[in-house]
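Now, the feature entries from Swiss-Prot:
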- SER49: D-glyceraldehyde 3-phosphate binding site (BINDING)
- ASP82: active site, proton donor (ACT_SITE)
- HIS83, HIS180, HIS210: Zn(2+) 1 binding site (BINDING)
- ASP104, GLU134: Zn(2+) 2 binding site (BINDING)
- GLY181, GLY211, ALA212, SER213, ASN253, THR254, ASP255, THR256: dihydroxyacetone phosphate binding site (BINDING)
Amino acid sequence: MLVKGNEILLKAHKEGYGVGAFNFVNFEMLNAIFEAGNEENSPLFIQASEGAIKYMGIDMAVGMVKIMCERYPHIPVALHLDHGTTFESCEKAVKAGFTSVMIDASHHAFEENLELTSKVVKMAHNAGVSVEAELGRLMGIEDNISVDEKDAVLVNPKEAERFVKESQVDYLAPAIGTSHGAFKFKGEPKLDFERLQEVKRLTNIPLVLHGASAIPDDVRKSYLDAGGDLKGSKGVPFEFLQESIKGGINKVNTDTDLRIAFIAEVRKVANEDKSQFDLRKFFSPAQLALKNVVKERMKLLGSANKI
């Protein structure tokens, strides 16, 4: 059943666990995520970026999620707009049936971010929809939005306190050192957990970790064995994800891991049987690989058996 994002995250906030927020761009990804949620008895945060919506069509994206909710009526599901860049894109998502939206104005100055976020919150709350915002700037590329290392900024906890109080945003993504994509760290992985804990103490709302894909060893190996190139890639270590939850993270965004796992299996089939053109032969193992990544992440973050 479709529910407000806050219905899922406030429970996680109160009980101290994390919920994976999984991106999708087609039916195969969506089906695998729902199957994982069903098998692990976990609530679901389903995400679509502006780019994914452009690719699928917003009505198709919402329609597929609603059909899957009918198939699995016992699973609480939030449908979330990931990295909405304008008021208009958030409003369009709300009108289309999304139950949670993110307004990402982190590239603006603090006051402009606060003003735009407050405007989105008012609109969305009037429609019964939850809102996420971001403070600080993450390095990396997300849906063709690029932030260089020199422009990445960690969150200021005091600003976060004021931002949450004045905007009335439901959950906040503080920049604590992660980055988008498969190349998250140049040296040893490092996240500012003390900063995270201070943000949690001052805001006392659900917090979100962006750029949280781990690139697990088995997923990396499958991709490399199939001829893929991930030279220099580094994900967020599993122990960092667990430590971030202890520090107050309740929503953990995961996209890159899903893409890598899925494409690895597609490459494998293509390499092993060059005469194969039955799409089901490609997508069935790809869905299984993606489902297994999601299931393991649910157990790691603590959302398994939380329905």
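FYI, residue positions are counted from 1 along the chain as it appears here.
Cβ atoms are placed via backbone N, Cα and C, with glycine included.
Because the structure is a prediction, the values reported are computed rather than measured.
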List the binding-site residues among HIS83, HIS210, GLY211, ASN253, THR254 whose C-alpha is within 10 Å of the C-alpha of GLU134 (Zn(2+) 2 binding site), in sequence order, or say none.
HIS83, HIS210
On a C-alpha basis, identify the one among SER49, ASP82, HIS83, ASP104, HIS210 that is nearest to ASN253 (dihydroxyacetone phosphate binding site); the candidates are the recorded positions.
HIS210
Spacing of the two Cα atoms, HIS83 (Zn(2+) 1 binding site) and ASP104 (Zn(2+) 2 binding site), in whole angstrom, works out to 5
Given the binding-site residues HIS210, ASP255, THR256, state which is nearest to SER49 (D-glyceraldehyde 3-phosphate binding site) when distance is taken between Cα atoms.
ASP255
Look up ASN253 (dihydroxyacetone phosphate binding site) in the DSSP assignment and report helix, strand or coil.
strand
Argmin Cα dist to ASP104 (Zn(2+) 2 binding site) over the recorded positions ASP82, HIS210, ALA212, THR256 returns ASP82
Other C-beta atoms that fall within 10 angstroms of the C-beta of ASP104 (Zn(2+) 2 binding site)
28
